[in-house]
Amino acid sequence: MEVIKITPRGYCYGVVDAMVIARNAALNPTLPRPIYILGMIVHNKHVTDAFEEEGIITLDGPNRLEILENIDHGTVIFTAHGVSPEVKQRAREKGLVTIDATCPDVTKTHDLIREKVENGYEVIYIGKKGHPEPEGAIGVAPHAVHLIETPEDVEQLDIQSKRIIVTNQTTMSQWDVAHIMEKVKEKYPHVEMHREICLATQVRQEAVAEQAKEADVTIVVGDPRSNNSNRLAQVSEEIAGTKAYRVSDVTEIDIEWIKDAKKVAVTAGASTPTPITKEVIDFLEQFDPNNPETWKRERKVPLTKILPKVKKRGE
């Protein structure tokens, strides 16, 4: 079996920055305890488990403001997905120390929404309903931001303003965004289009679109809650034409998927730890469909190998 290691794949700079910020917080004895992360720092359970080992508590739920109400003291880290101004204000009111690990690309979208709304615009925002990134973006101007997810949602919009922009969640499929934006343009010909797919998402999707064409099957290593991981699987199937499966780690690979494959492509979401992906690649490279001894799937990566290294204070 040939393993096609799609490149680029895996960690993006926004994810690495967020994890380094959180690790530095864990190593800083001057910060009030406990230290909480408001939601999953990035959408990968291996990462949140590793932070739990470092004494950082992940509090997850569908609404950041509601989660915050459960915290009365200590330090709060805002995740890479961003939070609304209301969440930041409430944290200040509660006297909490806050650390912002928002991805710069997400901040850029928040700034765009803020600026346009101040100038009288209505904002159509293409994003995944229930995902924390749209939650934060909508929170910038709840009265003026309209969340849509599908072309069908465009038909339900009823915006009378002459000033409209359309923008999007940074981790969406660029092909989906382009298609939905065209639908918006048909309905509102005067709309301003601001595509905000982050570069890391874009190049990873394009790599899958091109490099997965040669494969019989694609394995995407990523958490089920990772939107960008799910979009990579979608791109493999819809753009490259190659059947794709998303797995959290090597233990989730089904032998039926790969036993007849001559070529298997592997990629990973932007929040997937590199050692977890390497374990998948190593398994596939030694796999022999005729030798059941090579079928054993066992995750051996320790949590201590999941997070990026940072220098301890004083080093």
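For all residues, glycine too, the Cβ spot is worked out from N, Cα and C.
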According to Swiss-Prot, which candidate in His43, His179 joins His81, His131, Ser226, Asn228, Ser271 at the isopentenyl diphosphate site:
His43
I need the CA-to-CA distance for Asn228 (dimethylallyl diphosphate binding site) versus Thr170 ((2E)-4-hydroxy-3-methylbut-2-enyl diphosphate binding site), whole Å please.
9
Quick check: of the binding-site residues listed here (Cys12, Cys103, Thr170, Cys198), which one has the Cα closest to that of His131 (dimethylallyl diphosphate binding site)?
Thr170
How big is the Cα-to-Cα gap, in Å, between His43 (dimethylallyl diphosphate binding site) and Glu133 (active site, proton donor)?
11
Could you state the whole-number distance in Å separating the C-alpha atoms of Ser271 (dimethylallyl diphosphate binding site) and Cys12 ([4Fe-4S] cluster binding site)?
7
